[in-house]
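These features come from TrEMBL:
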COMPBIAS  7-18  compositional bias 'Acidic residues'
COMPBIAS  27-41  compositional bias 'Acidic residues'
REGION    1-70  region 'Disordered'
Amino acid sequence: MSRMWEENEELGADDELAVTEHRDDAGPEPDPEELREETTEEDGRHVLDEFGEDVSSSPAQRGHDVEDEG
């Protein structure tokens, strides 16, 4: 069953926006072992494929069962 669409609340010019300084904070450091992995690929789109990562765009393309959400 589909959901009814709900309109987003619009902000006016006088409304204050939320502070999002945390988005510029440093994230977690990568595992040193991950930094040592090297690839022969020059095109970043093919690197995951080289490492055997599944880069398909949908569960059906990845071979997983797609459950009916309705």
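Counting begins at 1 with the first residue displayed.
Glycine residues also receive a Cβ, built from the backbone N, Cα and C atoms like all the rest.
Keep in mind that TrEMBL annotations are predicted by a computer and have not been checked by a curator.
When DSSP labels each residue, the compositional bias 'Acidic residues' (7-18) comes out as 0 helix, 0 strand, 12 coil, counted as helix, strand and coil in that order. Sorting each residue of the compositional bias 'Acidic residues' (27-41) by its DSSP state yields 5 helix, 0 strand, 10 coil.
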